[in-house]
Every structure is written in structure tokens, then in C-alpha cells.
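Structure record follows, encoded as C-alpha cells.
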């Protein structure tokens, strides 16, 4: 009985001193603590399918890859279909949707602070060196984040949802660069590997690997500094300029946006069509030549009217869109080549004649100048001779008169 009583007393004291005190103290310790808001996992729903523009921005922003764009016969377009089992209810898709198609009962609360980019896994940048300024991307952008600044098109990356509608309508294969996490990680890893070899002295530097010193396209450069880390020469990122170079090509190898390069060709997406100008309808305003970014429109030396060179045409359609009289038509490449064949041959012949005329004119000018110099020299010599002879005749006449005077 005594042992049992002592045990009960011990339990009573333990509970009173330890557990009860702990619970009492817990109230006072946590009186100012605000627990975080918790939301149930409620996947978003396609609330307004009629508003969807099938931009695929929701799909691009989903971190769980739970959204697929599937064609819907009722609405005659692709609509997002969300896998509820994969969805993590992050609400990224709701944030990026430009038309408010998706809806969710509860998603993360907006907090005051710095402005962040739209959630996405890739960024799009227009390559100003390859862009032909057709304006297709600006017109196709569903949220109007592409604008023309100082003669070139620029994407506002903070507002861009990476729907890639601009890429779909761009006539050039490589004019819009996609910078994603995977590519960036690969380039950074490569740069670290080269940098470590450089620091430890294990880097084998090969000179003249590339044919000439590369240049930096300022519109593509994000100033990450990776190229500068691996460069054995000197790169000025403030001026976007390669200062010293041994032509090793390491900077080109690690650049994630292809901003540093030697040359990038313009590759048209379509080659099954081409544009041709109807000379009977053309009024010779030359607006088409002004809007053409690839230099495919030339002016005929014979007719003084514009024509399109199929080899240079990128099929952007800016010329046809801007023509005030609708004189530019879409035809097959063979027809376009046949239509301008005569004009190209004429221009080559006229250019050849003009070059010959310029050459002959230069030669004629030189010959004429030499003749004039020679004539002037001979004229001076003839003048001297005649003056000399006249002086001689006068002297002889004086001598005769003098002799006659003495004899008389």
C-alpha cells in the first residue's frame, strides 16, 4: 500500500509540475504567434472556356506538368485539361492566364513586395540580328507584351507568359531564342568545369579555333557573366564588347542565349510559297521595300518598279500586308522565280554596263588629263620657240640696220 501511494503521489506531482505547467506556459508563449494560412488542395477548373485563346501559357507555367492542351469539338479549339491527381494547386496557371479562363476557390495570397516575373519555365528573347521586322510577333501576342523600340522588336520578359505564339507566326526559324532552365543549367555546369580547369592550370587553350573575333548582340545578352568567367582574354559586358581575344571559342560554347557569336544565318521556315509583285498593279510607291527586313525587294533599273528576289525572301508577308493597292500576291516559288528572272538578268546586264561605263569614264578622264598636260607642255615649248625665233629675227634686223648705217 505504501509503495502504491508513493507511486500515485509521484504521478500527481509529475503531472502537476511538468505537464500542466507546460500547457499553461504554452498559451503565454504562443499568444502572439499567427499560424500560416492553409488551403486545401483544390485544383483549378476551366470556368470560362469561351474566353480561352489557346495560348498554352497555363501549360508552360505548370510546375507539375498537370495541364495538357486538348482539342474541344464544342468550342472548336484547344482547351486546357487539368490532371487533378498531378495538380499541386499552386495557381500559377491562374496567374498567367491573360483572359481569366481558369478559376480556383483558394490560392496563394498576394503579398506586398517586389514585382516578380510571371511563373514560367522558359523566357523568350528576340534576336535583333536575325529578326526581319515583319511585325508578326507583335500582332500575334495575346497579352501585348511585344513592342517596337528604336526600330527593333522587344519582348517584356517580366510580363511574357511564354505561350510561344510569337514563335509560331515568326517566318524565321531562329529569330526568337528560347532560354529555359535546362539549357541554362547545362551552360553553367560547362562554364564551371572550364573555370575550374582554368584555375587549376589544367585548361588547354587552343588558339584560332574560330575564324574571327566574336561580337556580342546586346539585345540577347543578359549579363550573366559566364562568358567573362571562361574568357582567357577580356570581355567588357558594360560595353558589350570583346576587348582581347585568342579565338578559342570558349565564350561561344557557354553562352546560354547565343548572344556572343561570329555569324548567325537567317533561315526561313517556309519554302513552299513566295511573294511576287504584279507590275500592272504596282504604283511604284516602294513601301514594300521600306518594310522588308531581309533586303529581298530590289528596284528594277529598267522599269524603276520593285521586284522580289525569291532567294532572299523570308515569306514574312509584311510587304503584302502594307501594299496599298494589293499588288503583291502569294505564288509557288517556281512561279516567283520565273516572274522575276527577266528583271534579274536585265539588272545584271545594266549593272555590268554601268561598271564598264564607270571604268571607261575613269580611264577617259585620266587620258584627257594626260593629253591636256601634254598639250600644255607642248604649247609652252612652242611659245618659247616662237619667242626665241622672234627675238632672233629682231636682233638680225637691228644688225642689218646697224651695218647699213655704218656703210653709208
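Positions of Cβ are set from backbone N, Cα and C atoms, glycine also.
The C-beta environment of residue 134 ([4Fe-4S] cluster binding site), restricted to residues of the same chain at least 6 apart in sequence and closer than 8 Å, consists of 170, 171, 291, 293, 314, 316, 317, 318. Here Swiss-Prot flags 52, 55, 58, 62, 87, 90, 93, 97, 131, 134, 137, 141, 160, 163, 166, 170, 282, 285, 288, 292 as [4Fe-4S] cluster binding site.
Under the heading domain '4Fe-4S ferredoxin-type 1', Swiss-Prot lists 42-72, citing sequence analysis as support. Residues 78-107, 118-122, 142, 161-165 of the same chain lie 6+ residues outside the domain '4Fe-4S ferredoxin-type 1' (42-72) yet bring a C-beta within less than 8 angstroms of a C-beta in it.
Helix first, then strand, then coil: DSSP counts for the domain '4Fe-4S ferredoxin-type 2' (78-107) stand at 5 helix, 7 strand, 18 coil. The annotation domain '4Fe-4S ferredoxin-type 2' is assigned in Swiss-Prot to 78-107 on the grounds of sequence analysis.
Annotation comment: Swiss-Prot describes 122-151 as domain '4Fe-4S ferredoxin-type 3'. Summarised as a single figure, the pLDDT of the domain '4Fe-4S ferredoxin-type 3' (122-151) averages 89.
Taken from Swiss-Prot, the feature domain '4Fe-4S ferredoxin-type 4' applies to 151-181, supported by sequence analysis. Proximity of distant same-chain residues to the domain '4Fe-4S ferredoxin-type 4' (151-181), defined by a Cβ-Cβ separation under 8 Å and at least 6 residues beyond the stretch ends, is recorded for 55-57, 60-61, 96, 98, 115, 117-118, 120-128, 130-143, 145, 219-220, 222, 256-258, 264-270, 314-317.
Among the features that Swiss-Prot reports, domain '4Fe-4S ferredoxin-type 5' is placed at 212-241.
Taken from Swiss-Prot, the feature domain '4Fe-4S ferredoxin-type 6' covers 233-265. Proximity of distant same-chain residues to the domain '4Fe-4S ferredoxin-type 6' (233-265), defined by a Cβ-Cβ separation under 8 Å and at least 6 residues beyond the stretch ends, is recorded for 125, 127, 129-130, 174, 177, 179, 183-184, 187-188, 190-191, 194, 205-218, 220-227.
The annotation domain '4Fe-4S ferredoxin-type 7' is assigned in Swiss-Prot to 273-302 on the grounds of sequence analysis. Under DSSP, the residues of the domain '4Fe-4S ferredoxin-type 7' (273-302) split into helix, strand and coil as follows: 5 helix, 7 strand, 18 coil.
Here Swiss-Prot flags 304-333 as domain '4Fe-4S ferredoxin-type 8'.
Under DSSP, the residues of the domain '4Fe-4S ferredoxin-type 1' (42-72) split into helix, strand and coil as follows: 8 helix, 8 strand, 15 coil. Secondary structure by DSSP for the domain '4Fe-4S ferredoxin-type 8' (304-333): 6 helix, 7 strand, 17 coil. Sequence-distant contacts of the domain '4Fe-4S ferredoxin-type 8' (304-333), counting only residues of its own chain at least 6 positions beyond either end whose CB sits under 8 Å from a CB of the stretch, comprise 132-136, 171-172, 266, 268-279, 281-289, 291-298, 339-340, 343-344.
In the domain '4Fe-4S ferredoxin-type 5' (212-241), the DSSP tally of helix, strand and coil residues is 5 helix, 6 strand, 19 coil.
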